[in-house]
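Record features, source Swiss-Prot:
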{"type": "REPEAT", "residues": "6-35", "note": "repeat 'ANK 1'"}
{"type": "REPEAT", "residues": "40-69", "note": "repeat 'ANK 2'"}
{"type": "REPEAT", "residues": "91-118", "note": "repeat 'ANK 3'"}
{"type": "REPEAT", "residues": "119-147", "note": "repeat 'ANK 4'"}
{"type": "REPEAT", "residues": "149-177", "note": "repeat 'ANK 5'"}
{"type": "REPEAT", "residues": "180-209", "note": "repeat 'ANK 6'"}
{"type": "REPEAT", "residues": "214-243", "note": "repeat 'ANK 7'"}
{"type": "REPEAT", "residues": "248-277", "note": "repeat 'ANK 8'"}
{"type": "REPEAT", "residues": "280-312", "note": "repeat 'ANK 9'"}
{"type": "REPEAT", "residues": "316-345", "note": "repeat 'ANK 10'"}
Amino acid sequence: MISFNNNYRKLRKAIINEDIEEIKYIIEKDPNMIVKVDNNNHTLLHIAIMYRKVNAVKVLLDKGDNLVYVINSFPILPPLYCAIIGFCKLTRRNKISNALEKINNHKKIIEALVDKGVELTGLEIALSCKNIWLIKFLIEKGISVEYTGFFPVGVNYNTIDIDICKVLLENKIDINKPVCGETLVRYAIRSSDLNLLKYLISKGADIEKRNKYEQDPNIIEAVEKGNLGIVEYLIDNGISIDTVSIYNHKPAIYYAILAGHYNMVDLLLRRGANPFITCEGNTSLISVATQAKRNRLKLINLLLKYGVRLPGDHDYYIQPILLDYSYETYNIIHILLEHGLRITSNTTLVSTFLIIRV
């Protein structure tokens, strides 16, 4: 960090005014000025980028032998990021005076930075803004498409559409490799874009591909999103319906039941999901249904229809609903008792008796 001395102020002013001779003169007098960082973690190069001063950027890059090292050091925002953010903001606005000139200046600055050898970054911003020129430029220059970005915010997956995927595939990006941390199929699932999913599968996408160390299976992601069309299409194309979560080793049907998504559970069961998985306390999925956000009674009846019973610790089936004195709870308790529920805990027995009496 620096305290603003007279030379720094003069150089900053010269950059904003794009007074090239003055910039060169001050740098020659004090070469170290060029790599100093202000209280906002900005170098003078950042200032030149923010004011879109193309010639000033080029002079600073030419004069600063150590500048690339400094600007790629955390916590300083990489100047390429700074330029890309400004560029994308401009292209998303409709009414700006001299917009075309400003956009072109940003392009020239981005090109100058890349030519100087700064670390390639910002693809996730380009994708989130659907900026075709920038996506193509970064890929052509050799950016690692798997890199998730400077900030842990990821891509706005709703912007990944067929047009964006066509650009990526035309630029020789492997359809099954992660792009900014996610496969293209994963983006289609997360955005519930059935047309995109169909397009990707037609181009040879593997519907099972994902980051196995950090992400749940695609079928679980799709079920949690709740789009029946997406889930059914994945099943039609051979996705494994019973692949379990990396976090709790439960399959998609478990999550569908917990969310109370009756139609999703019905679809999964009709398409061959295993209803006989073991849950906490060696219980069945019926214990999960008693904890569902909605449709508890319907889900229990559906599971019973498929032959699911009440094994394991029977207190697990009843405990989640003991504080819910609703008519649905009354019916749930009755149907569980009819199908062999045995309550062994005195506390649970008393609470159940009170609900039935009410």
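Backbone N, Cα and C define each Cβ position, glycine as well.
Among 40-69, 91-118, 119-147, 280-312, 119-147 has the largest number of CB pairs under 8 A with the repeat 'ANK 6' (180-209).
Mean predicted confidence for the repeat 'ANK 7' (214-243): the pLDDT average there is 97. The repeat 'ANK 10' (316-345): residue composition by secondary structure is 18 helix, 0 strand, 12 coil, according to DSSP. Tertiary proximity for the repeat 'ANK 3' (91-118) is limited to same-chain residues at least six positions away from its ends with a CB under 8 Å from its CB atoms, namely 49, 52-54, 57-58, 61, 68, 71-72, 78-80, 83-84, 129, 131, 133-134, 137, 141. Among residues of the same chain six or more beyond the repeat 'ANK 5' (149-177), those with a C-beta under 8 A of the stretch's C-beta atoms are 77-78, 81, 121-125, 127-130, 132, 135-136, 139-140, 183-184, 187-188, 190-191, 193, 195-196, 199-200, 203-206, 209.
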